[in-house]
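Notes follow the structure.
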Amino acid sequence: MNMPQKVIVYSPCDGEIKKLKELNDGFFSEGLLGEGFYILPKSSDFYSPFENGKMLQIFNTKHAFFIEDQSGVNLLIHIGLDTVVLEGKPYNVLVKTGDLLNLKTIFTKVNFKLIKEKKLSLATPIVLDNNENPGWKFVWKTKAKEVKHGDKIGYLIYTKPKSQVISNQKKPLFSFKDAIKNGISFKNRYEEIASNIYHAVGEKNNYEKYYNCVTRLRFIIKDKSLVNEQEIKKNKIVKGIVWSGSEIQIIIGGEVEKLKEGLDQYLDNFLKSQNFELNNKKIENKSLGKTFLALIKGVIMPGLPFMIGVGILNALAAIFQQAGLIENVAPSAPFESYTIATQLIYLIGGGALLFMGIFFTYNAVKYFGGNPILGLGMGLILTAPILFKGNLVISGNGVISATPWSLPLITSKLNGLDYVWMKIGPSPGSIITAIIVAYIFVKAEKFAKNNFPNWSQSISTPTFSIFIASFLAFFIVSPIVSSFEAIIGFIFSYMDKIPFGLSIGLFALLWQPLVLTGAHGALITILQMPMMNDPEPYILGIKTIQILAGITFGTLGQVGAGIGLAFITKNKSISQILYGGIPAGLFGITEPIIFGANLPKFKPFLYGCLGSGIAGFVAGAMGATYYAGIATGMGGLFSILNANGPNGDTKSLIATIIGFAISLSLPALLVAFLAKDRLSETRGINLTNKIVNKIVKSKNISNKILLSSTKDLNSFYTKEIISKIKTFEKNESKIQNIVSRINFLHDKDEVNKNNLANKFNKYKNSLELSKHKSKLEKKMQNIIEKLNNSKFEIKIKKYELDLEKQKVNNSQIEKEIKIFTNNNIIKAQNITNVLKKIISVKVANKIFNKYWNSLNSVFINFGYEDKKKDKFSKQDKNILKNI
């Protein structure tokens, strides 16, 4: 099946037809918006100009529409001249963006009387934008002067564009004269692209907020007519544009995080704008799962590089301790008795992890749209070192340890120890507390800004916000969170007593879900309470905390699942996340793998937990234990030291190594053989058809449209069609590979250019006072030569040429897939229309969404389409159950 080279254009209404140049409006007639024709309409109903099309965009003022044919080409229909001033009053739009259209579909009804009363022209230009539709031309065929709705007007003809030849000649980036005068500076590549997009969307006055999801940069737009889509698409990083109501979604792919950071940087550096709130009321409605994922990523991910670095340093410290190079330090112990090396390593590694709450609070305040500097202050209040002048414990050998100050509210005896069920106190590492307090702080800050006099804002806003957040943090949030953590700790303290390795298995199985709740830090503290009260036996290896062995199995299970996913995924954006996240996971940092890949896919996360549980059970049954007196930072593979202990426990060591092997290999195999990179079209359609067939049987329905449509969908995806989809996936994967290489070279080129620019500027500053001015100028000229002839440029151009070829090769298959996908969506709509007469509209729409997600599965997987909400609620399930 080849893409049609000719698309018929039909008249959307009755009227008199003329060529655009006869319009004489100085705008359409000059071809500024493309080529085409115009109609003086005589009928008020407007239909699709294509036999099978889709409503691509509806302007806010309802006077103009972009309609797309199934081949991908689109036309602009602009009803009336200067009718934008009427603010949509004459137009009764009957469809919405994304709806499928045919020659019988009325998309709008127009009140001509209102337009004529304002003495405005009814002339309706219908144009093809050649920049928007490269390779397409409009050919006028009709000889009639009067047309009826549905009459053939002409054709849109497609000719394959010639590949552009990249010229070897280029204008130098810098001249020596200008560089000597002004110095040299570079914008970050993503900052440069972001600035182009920023101006193309109409700058800060034309959007309410911007944010990003996994693959798209999104703006909530005020006036769509001010958005220059062509300028946005000129950026090579942009893969496409999708409108969802007033939100423009710019499809980027895996680089979207860097582009968002580039936009942040651009606004900070050049606009100094404070008008962008991350928690705007008009944000996209997200599912609870997506909201939770975005929140955790926004709070934890920015601090991961620091956590990784500190974690590795802690692990190295553990090795030095076992080798006898440094001593084991108890928290808050007097340092004067330790060597300088011991003190330094402890301060760098151990000290930082005690106060991670500062990072969490800062990031959470920033995420919710508050003042990040004040958020940093809140983090310091919650984790202030002065609070650690609390409870001192002196063991028999003179080791001093300390716990943060706290005021117990509810206590009881547990295994001979005072167990605190509720307390007032600080939260040095609680993610839950940090997020809740940050949210309260931002709400208080916004309240103050909206209600306090402007002249007092600089004093009243921070004072009020800090007081409210601090008071609620210590007297409301802290007691509630401490109770939640105490209950979890109590449950797991008894789990440690389960024999035959089951305790370690269960703990490993549940470890990563506990990490998601943020309660894992407090849980470890509770499980280590016996060691805090009497650390000496644990430091000497006399006592162990067996259940903690499950932590590393739980960690490595997600790494194993990530390895399995890396083998099956065709999405290079996910591959890049995994390639960067797997090494970090081996050192105990699983957040990049979990939030970037395993959890969004869900099954890899589930198999990671399952494999961890089995590994923990096997290792526990074989005698694995955990010597908690050895500090190994973030754990990971370094926790092998905890298995060996200070005295060399061979049995535990062997059992743990076997557990490591199982926790890495089993989840990898489960994901590779049982998980799918995406839901196949056939599988998705079959599952949805089962739901429809159940409804048909229960209602004893014999509807020809419904039965034929389900049958057609069921049999459509033949081996030939599936082969085309697989070819598209394979080609798209190659495209992402090339893009990844180009980005890598751009990054290296940027670093090289910045280094050269810094060196040039250094020479420039010392030029006047230099005794060897001519030698210095020669060095500076050499730098200009290197900047103007980058060693990476030839490679980048070669890859860019390969990229264009791959895109051209894949575009034909992509258009073909889109054509039959849209045809199948029409069938799914037909099924839904019948179902709406039988069951609730809400349930019928979710069934349609299931069809839509199945049919667009390949495009969803690569981020070109967003998955529609198709999960049935309890109420929906009850409706289906009672049919």
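Even glycines carry a Cβ here, placed using N, Cα and C.
Annotations in TrEMBL come from automatic prediction, not curation.
As given in TrEMBL:
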type: ACT_SITE; residues: C213; note: active site, phosphocysteine intermediate
type: COILED; residues: 773-823; note: coiled coil
type: DOMAIN; residues: 25-130; note: domain 'PTS EIIA type-1'
type: DOMAIN; residues: 191-273; note: domain 'PTS EIIB type-1'
type: DOMAIN; residues: 294-686; note: domain 'PTS EIIC type-1'
type: TRANSMEM; residues: 292-320; note: transmembrane segment
type: TRANSMEM; residues: 340-362; note: transmembrane segment
type: TRANSMEM; residues: 374-400; note: transmembrane segment
type: TRANSMEM; residues: 420-442; note: transmembrane segment
type: TRANSMEM; residues: 463-492; note: transmembrane segment
type: TRANSMEM; residues: 504-527; note: transmembrane segment
type: TRANSMEM; residues: 547-568; note: transmembrane segment
type: TRANSMEM; residues: 574-593; note: transmembrane segment
type: TRANSMEM; residues: 605-628; note: transmembrane segment
type: TRANSMEM; residues: 653-675; note: transmembrane segment
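A contact links the transmembrane segment (547-568) to the transmembrane segment (605-628), because at least 3 Cβ pairs that are 6 or more residues apart lie under 8 A.
Cβ atoms under 8 Å from those of the transmembrane segment (605-628) belong to residues 500-513, 528, 531, 538, 541, 544-550, 553-562, 564, 594, 598-599, 639, 642-646, 649, 651-652, 654-656, 658-660, 662-663, 666-667, 670-671, 674-675 of the same chain, restricted to positions at least 6 beyond its ends. Sorting the domain 'PTS EIIA type-1' (25-130) by DSSP state (H, G, I as helix; E, B as strand; all else coil) yields 10 helix, 44 strand, 52 coil. Helix, strand and coil content of the domain 'PTS EIIB type-1' (191-273), in residues and according to DSSP, is 37 helix, 22 strand, 24 coil. Summarised as a single figure, the pLDDT of the domain 'PTS EIIB type-1' (191-273) averages 81.
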